[in-house]
Amino acid sequence: MAVESRAVSTPVPQNSQEQELILVKVEESRSWGQKLKQSGSARSCQELFRQQFRKFCYQETPGPREALGRLQELCYQWLRPELHTKEQILELLVLEQFLSILPEELQIWVQQHSPKNGEEAVTLLEDLEREFDDPGQQVPATPQGPPMPWKDLTCLGAAQEFTHIQRQPLKKQLKPWEPCLPPKSGCENNESAIKKDISGEKSQRLSQEPSFGGFSEHKSSLEWQQGSAPGETLRRSPSQRASFSPVIFTHKLLANRDHPEPQRNLILSTNSVTYQKVPTEERPYRCDICGHSFKQHSSLTQHQRIHTGEKPYKCNQCGKAFSLRSYLIIHQRIHSGEKAYECSECGKAFNQSSALIRHRKIHTGEKACKCNECGKAFSQSSYLIIHQRIHTGEKPYECNECGKTFSQSSKLIRHQRIHTGERPYECNECGKAFRQSSELITHQRIHSGEKPYECNECGKAFSLSSNLIRHQRIHSGEEPYQCNECGKTFKRSSALVQHQRIHSGEEAYICSECGKAFRHRSVLTRHQRVHTVK
């Protein structure tokens, strides 16, 4: 595999002063990046820098060179090329764009789970297994009748640019609600009429919209289709939430038969992508907390559970509760053993589609998540996160009983069973219980007689891999256990322990009949026969 480049191409500074400034910023950013990595807050800060980069306005700087420099700085702080590989940076950009194209209802749900990459976002959506009432509503584009009012479309920057839309430089500081219209041309009279029309609709609309920090939040769902013809259907695009900018580009639908031809040509010449707003009467149910609207009251009720934390769907088996019935259905497959998703390669079945997707990577050998420290690759980002704790020494999971910490939650759960005495894994044959599933699997080989570990030298098979390792030392002659006192070596650690009792004088095995002590259990066993004969 080729060595991954971590460089991000940026415009070259025009003078030495700018170059020195950028170098200082890079060094400060690297130093701060290490602190963030240690404190565990890098994720939230990365999101903050992303928002600052996307919301940055030209009017915040005195000139174009300063604006470009500030954008470079914000982009560097967001994407962190000194910490991330080229593939990881691309993953961040793809994830951002993927979230932006989701329907509104899914956007909110996925963002609350904070996926770290596109694979995690897809897994969340597949686990949801719920069809929304209006995932991609088809709305007819009817040019007949009165023109529909338009909401504002916030400028989102390079990652969400709309092709063929001409963006003109602004001559003054615009207010959040002030439209950016095309430059004056021969149709000045038509433009003034357009401005008046848009301004009238805007003033009526602003009184009804909530305000957040001085900016109007534009929640409308926009219908888009490039080069659409009358009567064709348009696909709904989600609102671009959390992107407020003083530079607002307003696109007004004037290409209807009630306007003169010059007016229609003026608008369509500056915007070859046609938009259409879903009428508000089709979404009469509005959330009082976040302002999202829904077609049906049941959809609003389900959405409000995000804010209230209500979980009305309870499992009859274990009592666990869920906010959606689809979650409960997925959970109940644990108890029923139903596995509806089957691998076409090996036939193995799973109870969730996301589990099947992860399993398929075993067959494809795909390992897209690579460790920057040692280069080891993993099929899932969660595996990479756990692996990186080896390098960082991070152990975020702490036992409340004894304070011992662990790098994985599963290890903490197993450890806590020492304190609780819980043994959840029970053998169906003899009823013996174990703390870990691996112990149960090993035990069941006693009943089944299975010996999956075979010696390549002599063909002898064993039920435990540790037994095979010890056996192979017979062929290799390896004796890894050495006595510190005399230097003698042994194949097994137990043999070394017994040998060390010669030097220490320890006699660990005591006869309960006469009190005589022995170094080896086998010697004690032979001695006890003396008492048995009597």
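For all residues, glycine too, the Cβ spot is worked out from N, Cα and C.
Summarising the annotation, Swiss-Prot assigns SUMO2 cross-link to Lys55 (among others) and lists similarity to another entry as the type of evidence. Secondary structure at Lys55 (SUMO2 cross-link), taken from DSSP and collapsed to helix, strand or coil, is helix.
Per Swiss-Prot, SUMO2 cross-link is recorded for Lys171 (among others), and the stated evidence type is similarity to another entry.
The SUMO2 cross-link feature in Swiss-Prot is assigned to Lys202 (among others).
Swiss-Prot lists Lys252 (among others) with the feature SUMO2 cross-link.
Taken from Swiss-Prot, the feature phosphoserine covers Ser31, and the record attributes it to similarity to another entry.
Swiss-Prot lists 197-242 with the feature region 'Disordered'.
Marked as zinc finger by Swiss-Prot: 285-307 (among others).
Per Swiss-Prot, the feature zinc finger maps to 313-335 (among others).
Sequence-remote contacts of a segment are chain residues at least 6 beyond its ends whose Cβ falls under 8 Å from one of its Cβ atoms, and for the zinc finger (341-363) they are 122-123, 126-127, 129, 330, 333-334, 379-380. Per Swiss-Prot, zinc finger is recorded for 341-363 (among others), and the stated evidence type is sequence analysis.
Annotation source Swiss-Prot lists zinc finger at 369-391 (among others). The DSSP breakdown of the zinc finger (369-391), given as helix, strand and coil counts, is 11 helix, 4 strand, 8 coil.
Here Swiss-Prot flags 397-419 (among others) as zinc finger, drawing on sequence analysis. For the zinc finger (397-419), the list of distant contacts is 386, 389-390, 435-436: same-chain residues at least six beyond its ends, Cβ to Cβ under 8 Å.
Under 8 Å from some Cβ of the zinc finger (425-447) lie the Cβ atoms of residues 414, 417-418, 463-464, all in the same chain and six or more residues away from its ends. For 425-447 (among others), the entry in Swiss-Prot reads zinc finger.
For the zinc finger (453-475), same-chain residues at least 6 beyond its ends with a Cβ under 8 Å from one of its own Cβ atoms are 442, 445-446, 491-492. If you look up Swiss-Prot, you'll see 453-475 (among others) marked as zinc finger, on the strength of sequence analysis.
Marked as zinc finger by Swiss-Prot: 481-503 (among others). Secondary structure counts, DSSP: the zinc finger (481-503) has 11 helix, 4 strand, 8 coil.
Panel annotation: around the zinc finger (509-531), residues 498, 501-502 of the same chain, lying at least six beyond its termini, place a Cβ under 8 Å from a Cβ of the stretch. Per Swiss-Prot, zinc finger is recorded for 509-531 (among others), and the stated evidence type is sequence analysis.
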Under an 8 Å Cβ to Cβ limit, what residues of the same chain, 6 or more beyond the ends of the zinc finger (369-391), are close to it?
4, 83, 85, 87, 116-117, 119-120, 358, 361-362, 407-408
